[in-house]
Amino acid sequence: MNIFDRKINFDALFKFSHITPSTQQHLKKVYASFALCMFVAAAGAYIHVVTHFIQAGLLSALGSLGLMIWLMATPHSHETEQKRLGLLAGFAFLTGVGLGPALDLCIAINPSILPTAFMGTAMIFTCFTLSALYARRRSYLFLGGILMSAMSLMLLSSLGNLFFGSVWLFQANLYMGLVVMCGFVLFDTQLIIEKAENGDKDYIWHCVDLFLDFVTLFRKLMMILAMNEKDKKKKK
């Protein structure tokens, strides 16, 4: 029998039998909201970089933080759903604006960094998300303690580097941060599944977790590519 004659069963490929139908519906809402966040964040970044109508700064950072706190403080219900979606969109927009200075820096070094970083982030995020969805339930939840310890270590080293100014330590933090965020994609995806299985259907807040994972991954990868490109130019 010719192996190329075999048909691929796509229904079986995307079948998550270990996840209940209600949780699968919840995940659809989470990723639909995530897609909305990506679109709105892209609009925010575009406005900063191209139109300069709104510039990233202290006000945009405080606005983003304020909207996130407001969203967190607003209880999830059918009555507040539209309001919370509006808060989510506002948060995503200001987060996109906040990426502006990093985008400007990368464009100045090499504009091709941006599509490369975005495609790389999308591939990493998709692969680790699928790994978490296909894996046995709760199999990655043990990562929580490890990831928080790693984040604490990175924070301490970053604070220490304010005094030492070590380029090597800065680079190590970037690469370690990239690995840690990959772990958070696994952890957060499975945590969302477990929360949904236990009755927590707040898909808007669950979307925030994944959106922040993606944005942080993108920022780390973008900075790594920019740093490597700058080193190449110095060698030339």
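Including glycine, each Cβ sits where the backbone N, Cα and C put it.
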With Swiss-Prot as the source, do GLU81 and ASN161 lie on the same side of the membrane?
-> no
Which stretch from 30-50, 53-73, 87-107, 113-133, 167-187 shares the most C-beta pairs under 8 Å with the transmembrane segment (140-160)?
-> 167-187
